[in-house]
Amino acid sequence: MKHFEANFDGLVGPTHNYAGLSFGNVASLNNAAATSSPKDAAKQGLKKAKALADLGLVQGMLAPQERPDLHTLRRIGFSGTDAEILNKAAKEAPALLRACCSASSMWTANAATVSPSADTHDGKLHFTPANLVDKLHRSIEPTTTGNILQATFNDSRYFKHHQHLPEHTSFGDEGAANHTRLCSEYGHAGVELFVYGQEATNPSAPKPQKFPARQTLEASQAVARLHQLDDNGTVYIQQNPDVIDQGVFHNDVIAVGNQNVLFYHEQAFLNTQAKLTEIKNKFGDSALHFVEVPTSQVAIQDAVKSYLFNTQVVTLPSGEMAIIAPTNCQENPAVFAYLNELVTLDTPIKQVLYFDVKQSMQNGGGPACLRLRVAMNQDEVAAVNQHTLMNDALFTRLNQWVDKHYRDRLLVEDLADPQLVIESRTALDELTQIMKLGSVYQFQR
């Protein structure tokens, strides 16, 4: 039986804009009110996804959410026609309108936490959508995320879908952006690392002072229970509160793992040595590589600005590992120098491939934000909705779809344009036919 780690990238939605919605995310705040290009953003994402498929990796796409989200605007008291609702919201509550127009679902690292069948007691692949309660614009995503995941992984013989956790800050859950999995082989039982920012039920425990800790220990423990994980294959690690306060809002901004490699910054975690020992003990006797980047070589500020750790570490068909990095890493002298040195060291990482995802980067999301990792065996891959898997035909079809429906430029003030609702719904309705998703959106029901 062959085993793979698939990447399911978020297709950037038609309302991709820079509204500066994400407190704690430095890039998002710094680029607030800039002009975006939904068309460029979608094409950059597709190009990156296709390149990984061409490298021989299993690559899928996850559909975007319906935006503007008129259903939520109606829930909070706006009424009338679609045009009237947008007009009223723009005048009376512009911040709420912006929140209901975000294309943030493109960052599918926050879509869900995924545990492969090799790790779970029932031998199924488990999905729990993240509730994303810390940010209003993301907290309205989980129900549709669940619909899209179920339409993509739609065979109950192999896939188990859970409801997102209770919508309360005690269970603040940001999905796979705070989760990674180490294993000797993708098909072997691994060690799942859950990284949290604070303990909700322990006020005296360490936590950041400036920016919010979006993930709680309680949420991570709940997901592990839902996924039927063994305690011997689970490690809970607290992220260093000081780096959260420097803009490291998710763990995938300061660390990333793949198979037997954990690539992380020296300041990423609390109690680092004790936790590395726990990982090693639970991992077993197989080779395990801890690749620690010292502050003396890459400062936290450079790591955040370049998104050195918001890279994908992937295993190529040759068995070597490669880092999929944003071009911003080439533009930062300290980071570029480090990556050039890294590929010469005694680790499985032997090459770095650079991609332009600047439209996403300017909103605070690098290559790793754009993908949800799903480790699968060949039977599970065959059970996935095949219309969501990247190949030459889907790449061509989705690029044509973007050309047909997406705007070249979008300003925040354009979000109140009633035509944008029509354009977005028309595009998504066609997309559900291309990807054979069924009626996953509110407007289709």
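Cβ atoms are placed via backbone N, Cα and C, with glycine included.
If you check Swiss-Prot, you get these features:
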BINDING   19-28, Asn110, 137-138, Arg214, Asp252, Asn363  substrate binding site
ACT_SITE  Glu174  active site
ACT_SITE  His250  active site
ACT_SITE  Cys369  active site, nucleophile
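Structure with Swiss-Prot features highlighted.
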| residue | record | DSSP class |
| --- | --- | --- |
| Ala19 | substrate binding site | coil |
| Asn110 | substrate binding site | helix |
| Arg138 | substrate binding site | helix |
| Glu174 | active site | coil |
| His250 | active site | coil |
| Cys369 | active site, nucleophile | coil |
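A distance of 16 Å separates the Cα atom of Leu21 (substrate binding site) from that of Cys369 (active site, nucleophile).
Of all the recorded positions given, namely Ala19, Asn110, Arg138, Glu174, those whose Cα is no farther than the 10 Å limit from the Cα of the residue listed as 'active site, nucleophile' are Asn110. The recorded positions under consideration are Ala19, Leu21, Cys369. Their Cβ neighbour counts within 10 Å are lowest for Leu21. When the alpha carbons of Asp252 (substrate binding site) and Glu174 (active site) are compared, the span between them is 11 angstrom. Counting only the Cα atoms, the space from Glu174 (active site) to Asn110 (substrate binding site) is about 5 angstrom. His250 (active site) and Arg138 (substrate binding site) are 14 Å apart (CA-CA, integer value).
Within the same chain, the residues at least 6 positions away from His250 (active site) whose Cβ sits under 8 Å from its Cβ are Ala109, Asn110, Glu174, Ala177, Asn178, Arg214, Gln215, Cys369, listed in sequence order.
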